[in-house]
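*Asks:* Below is one structure. I have some questions about it.
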Amino acid sequence: MSSLLVWCALLQTLLLVTLRLGDCAIAVDANRTSALEEARLQRENLVRKYLKRLKKEEGALKLVGGRGDFEGNVEIFHAGKWGAICDDEWDQAEAEVVCRQLGFPGHVKPTHTGHFGRAKRKFWMDNLWCGGKEAELTDCRFDGWGANDCESGEAAGVICKQHATDTTTTSKPVPVELKVPKERFSQRLELRLVGGRVEGEGRVEVRIVDGLGGAGPWGSVCGDGWGLLEGNVVCRQLNLGYANNAVQTDFFSDEADGKGLPERVLLSGTECYGNESTLADCLHDPIGWDTVGTCSERKGHVAAVTCVPAMADLVFDHVEMEQSLHLEDRLMYLLQCAMEENCVATQAYEIQRDNPNWHLETRRLLKFTARVVNMGTADFRPHIPKHLWEWHLCHMHYHSMEVFATFDVIDGQGRKVAEGHKASFCLEDNQCLPGVEPRYACANYGDQGISVNCSDIYRHNIDCQWVDISELDFGEYTMRVAINPEFKVPEMRFDNNAATCRLLYTQTYARVFDCKHERP
C-alpha cells in the first residue's frame with residue numbers, strides 16, 4: 001500500500017512538471033510570435049513609408065508641412081509635377097480617400113485654409129467630390145486638372161490615423177496634435193495692426209500683458225489656418241467693425257513703417273469659433289513669456305486683416321424649409337443637367353456607368369425651398385471676380401459662387417449618410433422688404449449679390465435644390481443646411497448661417513422640425 005502511494009506521488013510530480021514545461025513552451029512561443037508580429041509590422045510600415053516617398057507616378061499623393069508622415073497639406077502628382085489641392089468642398093469623404101490611398105487605416109480630420117502652411121505649388125485639383133469609397137483620389141469627380149480659382153491660403157490637408165506598432169496593447173495611437181492640446185490664454189493679449197495703409201488694416205501683432213500692467217515684446221501671429229473667423233475676432237477686439245479680408249501674407253511687412261516684421265512669432269495654431277470677444281479666448285498652441293510659436297514658414301508668413309464698419313449678414317430661413325420640404329421620385333433621364341453639377345449621390349453615377357438603361361431608373365429626392373435673407377448693413381457679393389464667373393449651359397446663366405450651400409443628412413452616430421449641395425449658386429434679389437429696390441439679377445450677365453433686407457430664394461422645383469436619399473433607410477435623422485459653409489465670403493457673424501433640424505423619413509412622407517440656428 002505504501003509503495004502504491006509513492007508511485008502515485010511520483011506520477012503527480014511528473015504530471016505537474018510536464019504541465020509547467022508546456023506552459024513555459026506556450027509562453028515562449030507566444031512571446032516569440034508577438035515579437036515576430038511586431039517586427040513584421042515595423043518592416044511593413046518602413047517599406048510603406050519609403051514606397052510613398054519613391055512613388056512618383058500619375059495620381060500619387062504626399063503630405064507636406066506636418067509634424068509626421070501622417071499629416072500635412074495634400075499634394076498630388078500629375079503630368080510630371082507635384083501640385084496642391086484646393087479646400088473648396090473638402091470634407092471627411094475626401095480625407096478618408098487620401099489617407100487610405102497613402103496606406104493609413106483612416107482619417108482623423110480634414111483641414112482647411114492652409115492649416116499646414118500656404119500652398120507652394122500650382123493647384124491641380126479644385127471642387128473635389130468623393131463618395132468616400134474610392135480607391136484613389138483621381139477616381140473622384142473634380143473640375144479638371146489645373147482648373148481652379150484658389151489662392152495659396154486655401155490648401156487642403158488631412159490628419160490620418162497612424163498604424164499601431166505594438167500588438168500587445170489595444171489602445172489607439174494618439175496623434176501628435178492631440179498630445180499637445182491647444183489652449184486658451186489666461187492672461188490678457190494686447191493687439192495692434194501694423195504696416196497698413198489705413199487704420200483698419202495691417203498685419204496682426206500681439207503681446208502678453210500681466211496682471212501688474214507689465215507687457216512683453218510684440219510678436220507676430222503665424223498665418224497657418226488664419227481665416228475670417230479669426231479676423232472677425234481681431235476686428236471686434238480693436239473696435240474696428242468686421243473682417244473684410246483675413247489673409248496669410250507678408251504684404252504688410254514693408255519697412256516703411258519703421259518697424260518691419262518682428263522676428264518673434266508669438267501665436268501659432270490660432271483657432272477661433274468666431275464669436276469670441278478677444279483673441280485670447282481662442283485656442284492656440286501653448287504660449288507663454290518665454291515660448292516661441294511654431295510656423296510652417298520662417299519668414300513673411302504672418303496673419304493680417306482688413307476691417308470695415310459695415311458688413312453683410314446672411315440668415316437661413318428654416319421656417320420656409322419646414323413648410324416646403326417633400327419627397328419626389330424622378331427619372332434619371334430628367335436629372336442629366338443636375339448630374340453635371342454633382343447633385344446626386346455617388347450610386348447614381350455607378351448606375352449610369354454600369355446600366356445601359358440607366359435613364360429609366362429613378363432617384364428619390366428630398367426637396368425643399370431655400371430662402372436666404374441679408375440682415376446685415378452691406379450687400380452680400382460673391383468673392384469671385386465677374387470675369388471668372390462660369391456660364392452654365394443647362395441653366396442658361398452665369399454662376400458666381402462654387403459653394404454657397406450644403407445640405408447634409410446625419411445619422412445618430414454623427415455620420416453623413418446623404419448629402420447635397422448648391423455648388424454654383426446664382427445670387428439675386430428675389431424678394432425685398434417694402435421700400436427696398438432690388439439691385440441684383442442673374443439674367444443678361446447682370447451683377448449678382450443679395451441687397452440689404454432682400455432675400456435670394458431657390459425654390460424646390462429648381463435643379464439641385466434637394467438631397468438624394470435613394471439609398472437611405474427609413475427612420476429619424478438630423479438634417480443640416482449651411483449657407484456660406486466654408487467662410488469664403490465675409491459676414492458679420494457665422495453662427496446663424498446653418499439650420500439643424502430633426503428629420504423624420506417614412507415610406508410615404510418626410511418632415512423636418514425642431515430647427516435651430518448654429519454655425520456651419
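Just so it is clear, glycine is given a Cβ too, placed from its N, Cα and C backbone atoms.
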*Asks:* Looking at TrEMBL, which one of CYS24, CYS140, CYS150, CYS160 makes a disulfide with CYS86?
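*Replies:* Among CYS24, CYS140, CYS150, CYS160, the record in TrEMBL lists CYS150 as the disulfide partner of CYS86.
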*Asks:* If you pull up TrEMBL, which of CYS282, CYS295 shows a disulphide to CYS272?
*Replies:* CYS282
*Asks:* For the domain 'SRCR' (191-308), give the DSSP counts of helix residues, strand residues and coil residues.
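*Replies:* In the domain 'SRCR' (191-308), the DSSP-based counts are 16 helix, 40 strand, 62 coil.
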*Asks:* Taking only the Cα atoms, work out how far CYS86 (disulfide bond) lies from CYS130 (disulfide bond), in Å, as a whole number.
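*Replies:* Rounded to the nearest whole number, the Cα-Cα distance is 14 Å.
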*Asks:* Measuring Cα to Cα, how far is CYS282 (disulfide bond) from CYS150 (disulfide bond) in Å?
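*Replies:* It is 27 Å, counting Cα to Cα.
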*Asks:* In the predicted model, what is the mean pLDDT computed over the domain 'SRCR' (191-308)?
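*Replies:* Across the domain 'SRCR' (191-308), the average pLDDT comes out at 82.
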*Asks:* Sort out the sequence-distant neighbours of CYS150 (disulfide bond) for me: same chain, 6+ apart, CB within less than 8 Å of its CB, listed by position.
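*Replies:* Non-local contacts for CYS150 (disulfide bond): CYS86, ASP87, ASP88, ALA119, PHE123, ASP126.
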*Asks:* For CYS130 (disulfide bond) and CYS99 (disulfide bond), what Cα-Cα distance in Å is obtained after rounding to a whole number?
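*Replies:* CYS99 (disulfide bond) has its Cα 13 Å from the Cα of CYS130 (disulfide bond).
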*Asks:* How many Å lie between the Cα of CYS160 (disulfide bond) and the Cα of CYS140 (disulfide bond)?
*Replies:* 19
*Asks:* Can you tell which of CYS130, CYS140 has the most other C-beta atoms within 10 Å, given these are the disulfide-bonded residues?
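*Replies:* Output for this query is CYS130.
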